[in-house]
Amino acid sequence: MLAKRIIPCLDVTGGRVVKGVNFVELRDAGDPVEIAARYNAQGADELTFLDITATSDERDLILPIIEAVASQVFIPLTVGGGVRTVEDVRRLLNAGADKTSFNSAAIANPDVISQASAKYGAQCIVVAIDAKRRQGAEVAERGEGWDVYSHGGRKNTGLDAVQWAVEMARRGAGEILLTSMDRDGTKSGFDLQLTRAVSDAVGVPVIASGGVGNLDHLADGVQQGGADAVLAASIFHYGEFTVRQAKERMRERGIPVRL
């Protein structure tokens with residue numbers, strides 16, 4: 001069994017790391033370069049850097065910050081937010097990213113995933129899916145399940161999250177970064193039903209995201225959700241736990257990790 005990965009996530013806006021609840025109510029968590037260096041030192045397996053307002057602000061990639069982060073980090077770095085084209089992938093890889101994450105652009109133009117994967121390889125193409133459980137009338141109309149949201153969680157695309165994950169993997173995504181919008185920042189644990197549904201449906205690794213409040217939640221994402229990697233922000237940013245503590249807890253629960 002391959003080692004399961006722990007991935008701290010840096011949500012960045014205005015050049016600062018922030019953290020919110022259900023994608024809003026953002027509070028400052030610090031300087032991205034300093035925080036990235038700290039996680040690198042703590043033994044994180046990878047880092048994910050998301051420019052969370054690039055798409056909604058129609059801004060370009062923040063390459064200088066990405067270069068500064070990459071210079072401090074000697075583990076795989078995934079960068080997302082505002083990634084729109086195959087050319088953007090080239091620019092990010094040149095700036096020091098190891099993987100690039102598409103979200104809204106993949107919804108607008110699914111061919112970009114096929115093209116980027118063909119050019120640079122599936123191993124550096126991640127598709128991020130922000131999913132929200134259907135409620136009320138949506139359930140009556142379309143049945144139980146989850147919809148995909150774009151533009152930083154502001155727009156319901158009407159796409160089914162599980163079907164979309166399958167389509168993205170088919171087109172060449174090497175990994176799915178799956179965030180439960182319902183759980184984001186709530187500290188109540190991953191949406192394990194969502195994680196399991198997507199993990200069971202695709203043949204590529206799934207990174208569970210959204211809702212981690214304690215170390216057991218990380219282990220649950222792997223053991224109950226079927227995730228290959230688990231992503232967290234709040235519990236690490238504000239010093240509640242270190243990556244090392246997270247790995248030790250996962251090992252206690254019988255999950256293979258790199259210590």
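Counting begins at 1 with the first residue displayed.
Heads up, the Cβ atoms here are built off N, Cα and C, so glycines get one too.
Note that the coordinates shown come from a computational prediction; the quantities given were computed from them, not determined experimentally.
Database features, via Swiss-Prot:
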| type | residues | note |
| --- | --- | --- |
| ACT_SITE | Asp11 | active site |
| ACT_SITE | Asp130 | active site |
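When the Cα atoms are compared, Asp130 (active site) and Asp11 (active site) turn out to be 14 Å apart.
Within the same chain, residues at least 6 positions away in sequence whose Cβ sits under 8 Å from that of Asp11 (active site) are Val17, Val18, Lys19, Gly20, Leu26, Leu50, Ile52, Ala233. Take the CB of Asp130 (active site) and look out to 10 A: across all protein chains shown you find 27 other CB atoms. In the three-state DSSP classification, Asp11 (active site) falls within a strand.
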